[in-house]
Amino acid sequence: MVKFMNRIPAGTFLIPMLLSAVFYTIWPNLFSGIGGITNAFLGGSGTSFIIGLICFCSGIGINVKTLGKLFKRHGVLLVVKFILTVGFGLLFISLFGQEGIFGISALAFVVAMCSMNPALYVSLANDFGDDVDKAAIGLVGLFGIPAVPMFIYAISGQGEIDWMPIISTILPLILGMILGNLDKDFSKIFGTGITVLLPLLGWNIGQGMNLIEGLQSGVYGIILVVVFYLLMSPIVLVDQKLLKNDGVPALSMNAVAGVSASFPAIIAQVNPGVAPYVTSATTQIVTLAIITIVVTPILVRKLYGKTHPIETK
């Protein structure tokens, strides 16, 4: 089983997630009905805690001397991501309004473009990246919360932004970085933590993904997938042409997190005007998450093989 998962890009994350999604689709209340420790372990409620641990373990491995390289590479990529998402989001709202076009509402579009999958990213970085790529999980995590789409709605005059989710994402990384640089022995305790946590994270995320709901969005979800890859492709070009890297870290960022399916409802709480579009946006985001979580690792592996022809992973 483990050998099979290791042959698949991000397999130790992806396979548990898909198995969990099947269980959730068939029997969504299985673990919540059992309750207690079983529900805390397998029911999906531990996702934030596990992501916090991954950020902490990533911070443990960060040498402060490499921070310049980290911000030079991933900082630039995330700035480009931010500019693209804000620019395209505001343009979409301006041109098509909240109703959108081709069955895709502004709410679905904005959430989709702003999303990034930190769990999949760290899994791919673990397989195909270096220590600097792995250390970027805290920065990537900033796009795994609804802060950016809420920022877009705020500057478009239709909402407000809460900064606390951003702070809460960075703190575990900073704590890990402080401890790891104070005493290198901490890396002996937590150094392999990410490898252990990825299957658990995959399972917990799968507990929020209904595969049938993903299929219900049909052709609109597929259109959103194509649009997502097209509009986010400049990030890979910047990584390759401007930063002179292989493009693998940038491509690893081009996937949507399953938790993003909850963002339309969160945004609607701040901006009731988008409430009529929450249901359709949610199902489209679920479709987008399922497809990109499967397709992006395949694309990353192909790109890695093309840019590293001697190495095989």
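The backbone N, Cα and C atoms fix where each Cβ goes, glycine too.
Quick look at what TrEMBL annotates:
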| type | residues | note |
| --- | --- | --- |
| TRANSMEM | 12-34 | transmembrane segment |
| TRANSMEM | 40-64 | transmembrane segment |
| TRANSMEM | 76-96 | transmembrane segment |
| TRANSMEM | 102-124 | transmembrane segment |
| TRANSMEM | 136-155 | transmembrane segment |
| TRANSMEM | 161-182 | transmembrane segment |
| TRANSMEM | 189-206 | transmembrane segment |
| TRANSMEM | 218-238 | transmembrane segment |
| TRANSMEM | 250-268 | transmembrane segment |
| TRANSMEM | 274-300 | transmembrane segment |
Given 102-124, 189-206, 274-300, the one sharing the most C-beta pairs under 8 Å with the transmembrane segment (218-238) is 274-300
How about long-range neighbours of the transmembrane segment (76-96): same chain, 6 or more residues beyond its ends, C-beta under 8 Å? 106, 109-110, 113-114, 116, 139-140, 142-143, 148-149, 151-152, 155-156, 231-232, 234-235, 238-239, 242-243, 249-250, 253
If one takes Cβ-Cβ under 8 Å and requires six or more residues beyond its ends, the residues near the transmembrane segment (102-124) are 9-10, 12-14, 51, 54, 58, 81, 84-85, 88-89, 92-93, 96, 134, 136-137, 140-141, 143-144, 146, 148-149, 152-153, 194, 198, 201-202, 205, 219-220, 223-224, 227-228, 231-232, 248, 252-253, 255-258, 260, 263-264, 267-268, 274, 277-278, 280-281, 284-285, 288-289, 292-293, 296-297, 300
Do the transmembrane segment (189-206) and the transmembrane segment (40-64) come together with 3 or more C-beta pairs under 8 Å, pairs six or more apart in sequence? yes
Tertiary contacts of the transmembrane segment (136-155) (same chain, 6+ residues out, Cβ under 8 Å): 51, 54-55, 58-59, 70, 73-75, 78, 81-82, 85-86, 89-90, 93, 110-111, 114-119, 121-122, 125, 161-163, 165-166, 169-170, 172-174, 249, 253, 257, 259-260, 263, 266-267, 270-271, 274
